[in-house]
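A short worksheet on the structure shown next.
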Amino acid sequence: MEEAWLTLQGDLNRNMQFEQLQVLFTASKLLVLDREGRQILHIPKQNVENIRLIEALGGGYLVASTAKGPVEILRFTEMHLDSCRKALSRVEQWVSKDSFTTDKRNDLKDRNKTCAHCGRVMRSAKDSCMRCNRKWSTVSHLLQRSRAYSASMIVMGIIVILTVLVSLAPPYIIKWIIDGISAPVGMGGVSSHLLWMSGLLAGIYILQALLQMIEGYTAISIGGRFLGELRRDMFHALMKQSMRFFDNRQVSQYIGRINQDTDTIKDFMSQGIVHLTSQLLSALFILGMLFYLDWRMTLMILIPLPPLGLFVMRLWPKVREMWYSQWQSSIHVQNMVGEALQGIRIIKAFSKENDEKERFDKANSRFVNRMISIQNLWMFMTPVLTLFISLFVALIWFAGGRKVLEGGMTVGTLSAYATYLIMFFGPVKWLAQSASWINEVLGSAERIFEVIHTPAEVTDDEEAQPLSKVRGEIRYNHVGFGYAQDRRILHGIDLHIAPGEMIGLIGPSGAGKSTLIHLLCRFYDPDEGEILLDGRRLSSIRQEELRKNIGVVFQETFLFDGTIAQNIAYGNPEAEAQDIIQAAMTANAHDFICRLPHGYETKVGERGHRLSGGERQRIAIARAVLLDPPILILDEATSSVDVETEAVIQEAMDKVIQGRTTIVIAHRLSTLQRADRLLVLEGGRLVESGSHEELLNRGGVYHRLLHAAQGASGREVWIPMQEVAR
């Protein structure tokens, strides 16, 4: 088989049923394979005129134009939409090239990120497939986590066994009571027998209630602790991920995973395991009692159970698909709500409320319909199982009644047998209906463990050490980087920044200015080359230590829902009040803070919406200043303030940057002229370096950007945002 130049994943077949599919683009053809690797479509490359991505609500599909007409090659849900968007340029490249050689390094990297058996996308070639690998299966992970509660679970297991055994006693005691009443003895003997048996029955019920209470308390304790640890591990796993992890995903889905999915697992640990164990044990023990009372009738009961089990097994995959479909719809609705609320200002500005309502109504209707489909399935199953059980109970009463008439069975035995039979079919019915619930639990567990076991992309070396005193010398050695394999942002950056030097970054949109500082902060690791801080590779420095020594102010300011003082002290929670005030004064924020009714204790609201853009920016600057870092990064830090305020802030910054290495991305010439050196980026390459005067005299990119921003009078103006925006 030819080596694939590009592989794309899909999860819907042409009947809109969930099925893992993959498209392989080779040197001579296009292949579509199912999860077993069977070929379901083959198109020679020379027959493909173009391939289009058509986006629809909740997903999309790829269509190839051929001489015989359009051919749909892949359908997918929203989960795969982003990856298909990013791969579209490579697909177009495949169509347009007559011949090419396969880039083995990149393609092997792509192919190794998918499971060869089920096609599941994995974060790293070193990962094992959560779906296929038994050792790391979802059930295995649940069992491994349960070991921490082994003592409590052993106690609960003993209590469950005792509860089941005690529950078997009442029917047999009732048998003794009935047979005792029916026996030809005197009235005194019957009364005494009845008294003892009734007292024993009452004692059994009391013991059963006590055991159930202890069982419930133990289960709730296990479930609660399990929930807490699972949520903690999920949040910690998300916090350790690099920015690339969040770039490729819709973040709002993880809110659902942390809340709903972990809650589902908690219910399973606190109630599900108890119910599952007790129902299985009850079925086995009750079956033993049925054999003990009358083995012939019991064999007759067991005849229809294998077909029932086969029916449930055949139903299981369909139920799993339905649950997965419902979950996808639920996530889509959740993402849509989150996006709409975050962008509510834009929605209202463009008067798109009705359009958003319509989008939501369609997505919500799809979710409701899928939920109803699952519920309808079980509403059909419940009466069928009940009818099945009722018919067998009637049959047993008939067969048992004849035995009583023939003298082969006592009335008490028949009563006990019928009671045990009803008790037996209870667990059978519960287990048959549990397929839906177990699928939901396994789906939630799979999504949780997928997050927990996703390895962090940006990791420290094993020998990583904390930083000593930082001088602030930064060196980029032939650094290359791209957010996607087919979209390189930086190319061969070689740069040295001396300790205490102030650097200004400028360049057209997409030049890589912000990417350059993101790599310094280790939000990402470079694909090529290395970055050194004081002569040490960044990976040899603990990330926490690195970032404590870098103060960053971004253009898009984020404030947490707390007080102004808490936001300023975010990087240094132990800071004294006087230090917080001094940082605010440095950022020219103190005066406006004092004018607020509650001063530094003013609540800023979610994302700081109670403050203006300029006020939020000054709080962010104060936050960076309070950290007192040896390296300071200002990414359009004064873009949201007016010229007068900027002048005051800049005057303060002139003091702050003394003795610090400072990197500034700015669109105002007044800020850039203060830099010791200006670096001009274009097309991901460092094309010019020097002072303001030197770059002007060269007549290069900087000269072009500057003069494009100057008015007819030749006076200094701002450099247009479209020229320098990231």
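Cβ from N, Cα, C; glycine included.
Automatic, uncurated: that is what TrEMBL annotation is.
Under the heading domain 'ABC transmembrane type-1', TrEMBL lists 154-436.
The average pLDDT for the domain 'ABC transporter' (474-708) in the predicted structure is 84. Among the features that TrEMBL reports, domain 'ABC transporter' is placed at 474-708.
Counting only same-chain residues 6+ beyond the ends of the transmembrane segment (153-174), those with a CB under 8 A from a CB of the stretch are 146, 197, 200-201, 204-205, 207-208, 211-212, 214-215, 218-219, 222, 273-274, 277-278, 281-282, 285-286, 289, 412, 415-416, 419-420, 423. The transmembrane segment feature in TrEMBL is assigned to 153-174 (among others).
For 194-211 (among others), the entry in TrEMBL reads transmembrane segment.
For 273-293 (among others), the entry in TrEMBL reads transmembrane segment. Same-chain residues lying 6+ beyond the ends of the transmembrane segment (273-293) with a Cβ under 8 Å from its Cβ atoms: 153, 156-157, 160-161, 163-165, 167-168, 171-172, 215, 219, 301, 413, 416-417, 420-421, 423-424, 426-428, 430-431, 434.
Beyond the ends of the transmembrane segment (299-316), by six or more residues, the same chain brings 290, 388, 392, 395-396, 399, 421, 424, 428, 432, 435, 439 to within a C-beta distance below 8 angstroms of the stretch. Marked as transmembrane segment by TrEMBL: 299-316 (among others).
According to TrEMBL, the transmembrane segment annotation covers 377-399 (among others).
Annotation comment: TrEMBL describes 411-432 (among others) as transmembrane segment. Outside the transmembrane segment (411-432), and at least 6 residues removed from its termini, the chain residues within Cβ reach (under 8 Å) are 167-168, 171-172, 174-180, 182, 275, 279-280, 282-283, 286-287, 289-290, 293-294, 297, 301, 305, 308, 312, 381, 385-386, 389, 392-393, 396-397, 400-401, 403-404.
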